[in-house]
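Enquirer: Dumping the structure here so I can ask a few things about it.
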Amino acid sequence: MLPSTIQTLTLFLTSGGVLLSLYVSASLSYLLYSDILLKFSPTKRTAPTMSLDCANVSNVQAVNRSATKEMTFLLPEPEWTYPRLSCQGSTFQKALLISPHRFGEARGNSAPLIIREPFIACGPKECKHFALTHYAAQPGGYYNGTRKDRNKLRHLISVKLGKIPTVENSIFHMAAWSGSACHDGREWTYIGVDGPDSNALIKIKYGEAYTDTYHSYANNILRTQESACNCIGGDCYLMITDGSASGISKCRFLKIREGRIIKEIFPTGRVEHTEECTCGFASNKTIECACRDNSYTAKRPFVKLNVETDTAEIRLMCTETYLDTPRPDDGSITGPCESNGDKGLGGIKGGFVHQRMASKIGRWYSRTMSKTERMGMELYVKYDGDPWTDSEALAPSGVMVSMKEPGWYSFGFEIKDKKCDVPCIGIEMVHDGGKETWHSAATAIYCLMGSGQLLWDTVTGVDMAL
């Protein structure tokens, strides 16, 4: 008896009394990736029916005039993604600039879209550059209103990372004035929020299908994180918030699987105001987020979400390096870690990404160089420790955007190499033309690579007067 791992296929073709036997043997093996067994699904292939118009031959008693054969092959399904150790490196370097409006003289399909709130998310095989467009291009006649955060024309769009977000290159995913996206290893999940301020709606798209919604719970600008959501083992976690920009705004997390919400997570702890979180995996067990408090403090609310228990807790970062803008002088806030201090009204989304190593963990952050304006962007790092209790200053690691250039929202993401993940930080560099002209953004990207010092800052190269 043949072993079960060997399949023998015998195909008999009879034509003119000639017998042909073809033997095909195939062996199956189990593949291991990150200690996770790959899953296989049976896929049937049926050979087509073929008519055999053969002449009668005297020494052939019977001729099969048709032949069919059903064969079953086992094909591997794409695997869910899990966080891995970071690729080796000790410093970030300038990786890429996407400055669409350097091509502002182009017209028609080659014209750059007017965008804001860019972010990047990566799957196993590609990264996508997302943004929220005003459904307008530059040059064009629809500049009025492109400085507004919310309107009926805004859409979540994407291009392959490295492409310029032009009319022709961009994929329009859904109507949205707030957005997120992530890849679970098998498919993309897209998140878009739009609707009136008092009754906004979260919409979820999985691949090409619109799959689920989530309604406003505080009736005050339901919104999401403006950066990538985070997936592990097929479950994707999305931060949302709903509430006043200058008062209470309590966040939640949605657990999403294949485009459908399967659980709501209600954080505990310091929950007064949490929005625009930038999140990533500290380990296979914990998602951490550095967020924005637009009402009470210049310290960042810091979330720890346990993906095994689906519980989350929020406390303020204790470091004397305050990461929001505007902010007071570093170290000037007295009292316990939960003290708000002054200059807490207003804020900005901040960059944050993990460097996972075998023996320690690095947490990289970005903040504007100006304490009062959205100008410049500097990189900081802290190895090990607990952001909730460590009061020491973060270590400065280089200037990504000088004080002469705009530094607005920033975000973190990870590029998947073959055996490790590359941590990166992206920076939104806004061309702020005021209310009378176009208002759009470039994106600067810095990634962990090599050693030494961060060498060079980024400029957009755009003159709005041209």
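The backbone N, Cα and C atoms fix where each Cβ goes, and this holds for glycine too.
If you look up Swiss-Prot, you'll see Tyr409 marked as active site, nucleophile, on the strength of sequence analysis. Taken from Swiss-Prot, the feature Ca(2+) binding site covers Asp293, Asp324, and the record attributes it to sequence analysis. Under the heading disulfide bond, Swiss-Prot lists Cys87-Cys420, Cys122-Cys127, Cys182-Cys229, Cys231-Cys236, Cys277-Cys291, Cys279-Cys289, Cys318-Cys337, Cys424-Cys447, citing sequence analysis as support. Positions annotated as N-linked glycosylation site by Swiss-Prot, on the basis of sequence analysis: Asn56, Asn64, Asn144, Asn284. Swiss-Prot lists 38-86 with the feature region 'Hypervariable stalk region', giving sequence analysis as the kind of evidence. Under the heading region 'Head of neuraminidase', Swiss-Prot lists 89-466. If you look up Swiss-Prot, you'll see 1-11 marked as topological domain 'Intravirion'. Look at Swiss-Prot and you will find 35-466 tagged as topological domain 'Virion surface', backed by sequence analysis. For 12-34, the entry in Swiss-Prot reads transmembrane segment.
Situate these features within the shown structure.
Expert: The Cβ of Tyr409 (active site, nucleophile) lies under 8 Å from the Cβ of Glu117, Pro118, Glu226, Glu276, Ile348, Lys349, Ile427, Glu428, each of these being in the same chain and 6 or more residues away along the sequence.
Of all Cβ atoms in the shown protein chains, 25 besides its own fall within 10 Å of the Cβ of Asp293 (Ca(2+) binding site).
Following the DSSP three-state reduction, the secondary structure of Cys420 (disulfide bond) is coil. Remark: Cys420 (disulfide bond) has Arg84, Leu85, Ser86, Cys87, Gln88 as non-local neighbours, by Cβ distance under 8 Å and separation of at least 6 in sequence.
In the three-state DSSP scheme, Cys122 (disulfide bond) is classed as strand.
Around Cys229 (disulfide bond), the same-chain residues at least 6 positions away in sequence with a Cβ under 8 Å from its Cβ are Ala121, Ser180, Ala181, Cys182, Thr189, Ile191, Cys236, Tyr237, Leu238, Met239, Ile256, Cys279. DSSP assigns Cys229 (disulfide bond) to coil, not to a helix or a strand.
There are 26 other Cβ atoms within 10 Å of the Cβ belonging to Cys236 (disulfide bond).
For Cys291 (disulfide bond), the same-chain residues lying six or more positions away in sequence with a CB closer than 8 A to its CB are Met239, Cys251, Thr274, Glu275, Glu276, Cys277, Thr278, Arg300, Pro301, Phe302, Val303, Ile314.
Its Cβ taken as reference, Cys289 (disulfide bond) is surrounded by 28 other Cβ atoms within 10 Å in the chains shown.
With a 10 A radius on its CB, Cys318 (disulfide bond) counts 20 other CB atoms from all the protein chains.
Around Cys424 (disulfide bond), the C-beta neighbours below 8 angstroms that are at least 6 residues distant in the chain are Phe92, Ala95, Ile120, Val353, Gly412, Phe413, Glu414, Ile415, Ile445, Tyr446, Cys447, Leu448.
Summarising the environment of Asn144 (N-linked glycosylation site), the number of other Cβ atoms within 10 Å of its Cβ, over all protein chains shown, is 13.
Following the DSSP three-state reduction, the secondary structure of Asn284 (N-linked glycosylation site) is coil. A sphere of 10 angstroms centred on the C-beta of Asn284 (N-linked glycosylation site) encloses 14 other C-beta atoms.
Summarising model confidence by region, the region 'Hypervariable stalk region' (38-86) averages a pLDDT of 53.
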Enquirer: Cβ distance under 8 Å to Cys337 (disulfide bond), same chain, sequence separation 6 or more: which residues?
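Expert: Result: Arg315, Leu316, Met317, Cys318, Trp388, Thr389, Ser391.
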Enquirer: Of all the recorded positions given, namely Cys122, Cys127, Cys231, Asn284, which is spatially nearest to Asp293 (Ca(2+) binding site) at the Cα level?
Expert: Cys231
Enquirer: Measure from the Cα of Cys127 (disulfide bond) to the Cα of every one of the recorded positions Asn144, Cys231, Cys289, Asp324, then give the nearest.
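Expert: Of the recorded positions Asn144, Cys231, Cys289, Asp324, Cys231 has its Cα closest to that of Cys127 (disulfide bond).
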Enquirer: Specify the secondary structure state of Cys236 (disulfide bond) as given by DSSP, simplified to three classes.
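Expert: Where Cys236 (disulfide bond) sits, the three-state DSSP reduction gives strand.
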Enquirer: Under a three-state reduction of DSSP output, how is Cys291 (disulfide bond) classified: helix, strand, or coil?
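Expert: Assignment for Cys291 (disulfide bond) reads strand.
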Enquirer: Around Cys87 (disulfide bond), how many other C-beta atoms are within 10 angstroms of its C-beta?
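Expert: Looking across every protein chain shown, the total is 20.
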Enquirer: Using Cβ atoms only, which residues of the same chain lie under 8 Å from Cys122 (disulfide bond) while being at least 6 residues apart in sequence?
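Expert: Listed in sequence order, they are Lys128, Leu161, His183, Ala228, Phe413, Glu414, Ile415, Lys416.
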Enquirer: About how far apart, in whole Å, are the alpha carbons (Cα) of Cys289 (disulfide bond) and Cys231 (disulfide bond)?
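Expert: Cys289 (disulfide bond) and Cys231 (disulfide bond) have their Cα atoms 14 Å apart.
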